[in-house]
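A short worksheet on the structure shown next.
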Amino acid sequence: MDSDIENINSNNNNKKIENHAIIINNNDEKNQINNNNNNNNNQTPIKERSFLYIHKINNDVSYMNLLTSYIGSFLSICFFVFINVAQPDILSSLGISDDQQGRISGNLSFCNEIVIVVASYTWGILSDKIGRRGVYSAGMFIIGIGLAIYPFANSIVCLYIFRMIFAVGAASCSSMLSAVLADYIPFRDRGKASGLLGFAAGGGAVLASLVLMKIPNLIKQNSDLPSRQSTEVVYGMTAALAIIGSVLLFFCLQRKSKDIKLMCNEKKNALKIAWDGLKAGKKPLLSLAYGSGFLARGDSAIATTFLSLWIYQYTLSINGGDKTAALSKSGTISGIAQTCALFFALVAGFLCDRMNRIFAMVLLAMIGCVGYFMLAFSENPLTTQFFVGACIIGCAETGMVVSSTALVAQESPTELRGSVSGFFSQCGSIGILVASLLGGILYDKWNGYPFALFGVFSALLSIWGLVVFFITQFKQSLVPNSPIKNFFKNFIQNNDREFNNQKQIDSLKDPLISNLL
């Protein structure tokens, strides 16, 4: 009996010792956690700063970096719009007849985008290796060279060569727009930032249409210079603006992203980065973003190339052949449409933050569809119907740029943003290729053909977006404890999440989703 009592007491003492040891271990773990927290507290905390109370910016990004990125967007779109809107005057100066200008304008845009398709992905990969600043700045400098020599083309062949030089720089700038946005802005505020980016881009389009396009006519009225030399002066001024912008980008953008994952790309070769960027496109929402980029850039080609060409040709036919006056009229109508787009960019950014981004994109594509068919069936480009339709597609164009940029920034893996941005730019270039080639051929047969074509494309993108939305929402509804009401609630509520997990790129093989790819 005594031995049993001693055994019980010894067991109890052992348990007390074990419990005491557990308590000590727990205390040690707590002390270790506290020490780690103290060490973390000693590091520089990540603070969120506000830009004009509109959106947040990343801690390692200065206000100068951010403002410069918006200026880069402003200037880039200004140059893209200017070279298309001012082009009819160059074609007329070369003696090209009206019934061939649609085809040649389309071919010039086609060559422009062929170069962009080849160069944009290379620029995107290069930006992952050396940073955004050098790529962005070099691209704008090349744009300046292209603009400076463009009006001195004395043949169609020279015009093609000069346009391709411009395109090399344009590929860089278009690739960097969404890459810089994703680097500088926290995920949850990228919709608002995309709205401001679109607002800046719209301002550039307004500058090109309402200001730069008026200068040749002003020079003609106040001097004895002929129309051709007036055009050369405005091209030279625009080229100088591009060179100044290049210097500004080089000195005022962030020297290099401090993101660790991004810097890890320096250890990869270029083919690995390219392959990873293509694999990221397996994600249904990212592939939809690529499709929206196709429509957004195609919209810009239609709105700048064929809209201005139709106005220019019609005005020239009724004003006695005054080229500078026709160019000014074309710039006025295009500029008013771009002004509407300028302010609508803020609305589009608000929609992308407040609504589901897929549904916001679908809504904007539907609006564009209405505007395109209004333009296609207008009697002439000076009617009220045409004017209203031009304003609608101006808004839809900017809205699609904002929504597609926000969507690709949301879905792109952090360490592959440059590659994804390059491929996104390629998809946009393909949209312009289709708009330029088919639109140019069809325009000479019926002026409304390019607008009707992209009205159909807008409708198709709306259907595609709805299909992706319903299937992804249906998949989420299969998750346990997921109420069916969320299926409908997500139409107007933004529950999007950022895609940052590299491992998910290879795991997106669900048969329900793969049917959409």
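Keep in mind that glycine also has a Cβ here, set from the backbone N, Cα and C atoms.
In TrEMBL, annotation is done automatically, which means it is predicted and not curated.
Mean pLDDT for the domain 'Major facilitator superfamily (MFS) profile' (65-476) in the predicted structure: 83. Annotation source TrEMBL lists domain 'Major facilitator superfamily (MFS) profile' at 65-476.
TrEMBL lists 63-84 (among others) with the feature transmembrane segment.
Look at TrEMBL and you will find 104-123 (among others) tagged as transmembrane segment.
Per TrEMBL, the feature transmembrane segment maps to 135-153 (among others).
Under 8 Å from some Cβ of the transmembrane segment (159-181) lie the Cβ atoms of residues 69, 72-73, 76, 79-80, 83, 90, 94, 107-108, 111-116, 118-121, 123-124, 127, 132, 135-136, 138-147, 149-150, 153, 190, 193-194, 197, 253, 297, 405, 408-409, 412, 417-418, 421-422, 424-425, 428-429, all in the same chain and six or more residues away from its ends. The transmembrane segment annotation in TrEMBL covers 159-181 (among others).
Under the heading transmembrane segment, TrEMBL lists 193-213 (among others). Among residues of the same chain six or more beyond the transmembrane segment (193-213), those with a C-beta under 8 A of the stretch's C-beta atoms are 54-55, 69-71, 73-79, 81-82, 85-86, 177, 181, 184-185, 234, 237-238, 327-328, 330-332, 334-336, 338-339, 341-350, 352-353, 398-399, 401-403, 405-406, 409.
Positions annotated as transmembrane segment by TrEMBL: 233-253 (among others). Sequence-distant contacts of the transmembrane segment (233-253), counting only residues of its own chain at least 6 positions beyond either end whose CB sits under 8 Å from a CB of the stretch, comprise 64-65, 67-69, 71-72, 75, 78-79, 82, 86, 132-134, 136-138, 140-141, 143-145, 147-148, 150-151, 180, 212-213, 215-216, 219, 225.
Taken from TrEMBL, the feature transmembrane segment applies to 288-312 (among others).
TrEMBL lists 332-351 (among others) with the feature transmembrane segment. Residues 81, 85, 191-199, 201-203, 205-206, 208-210, 213, 303-304, 307-308, 311, 360, 363-364, 381, 387, 390-391, 393-395, 397-399, 401-403, 406 of the same chain, all 6+ positions outside the transmembrane segment (332-351), place their C-beta atoms under 8 angstroms from a C-beta of that stretch.
Annotation source TrEMBL lists transmembrane segment at 358-378 (among others).
The annotation transmembrane segment is assigned in TrEMBL to 384-408 (among others). Using a Cβ-Cβ cut-off under 8 Å and counting only residues 6 or more beyond its ends in the same chain, the transmembrane segment (384-408) has close neighbours at 177-178, 181, 190-191, 194-195, 197-198, 201-202, 285-286, 288-290, 292-293, 295-296, 299-300, 302-303, 307, 333-334, 336-342, 344-345, 347-349, 351-352, 357-358, 360-361, 364-365, 367-368, 370-375, 377-378, 420-421, 424, 451, 458.
Among residues of the same chain six or more beyond the transmembrane segment (420-443), those with a C-beta under 8 A of the stretch's C-beta atoms are 102-110, 112-114, 116-117, 120-125, 127, 171, 174-179, 182, 277-278, 280-281, 286, 289-291, 293-302, 305-306, 309-310, 404, 408, 411-413, 449-450, 453-454. According to TrEMBL, the transmembrane segment annotation covers 420-443 (among others).
Annotated transmembrane segment per TrEMBL: 449-471 (among others), in sequence order.
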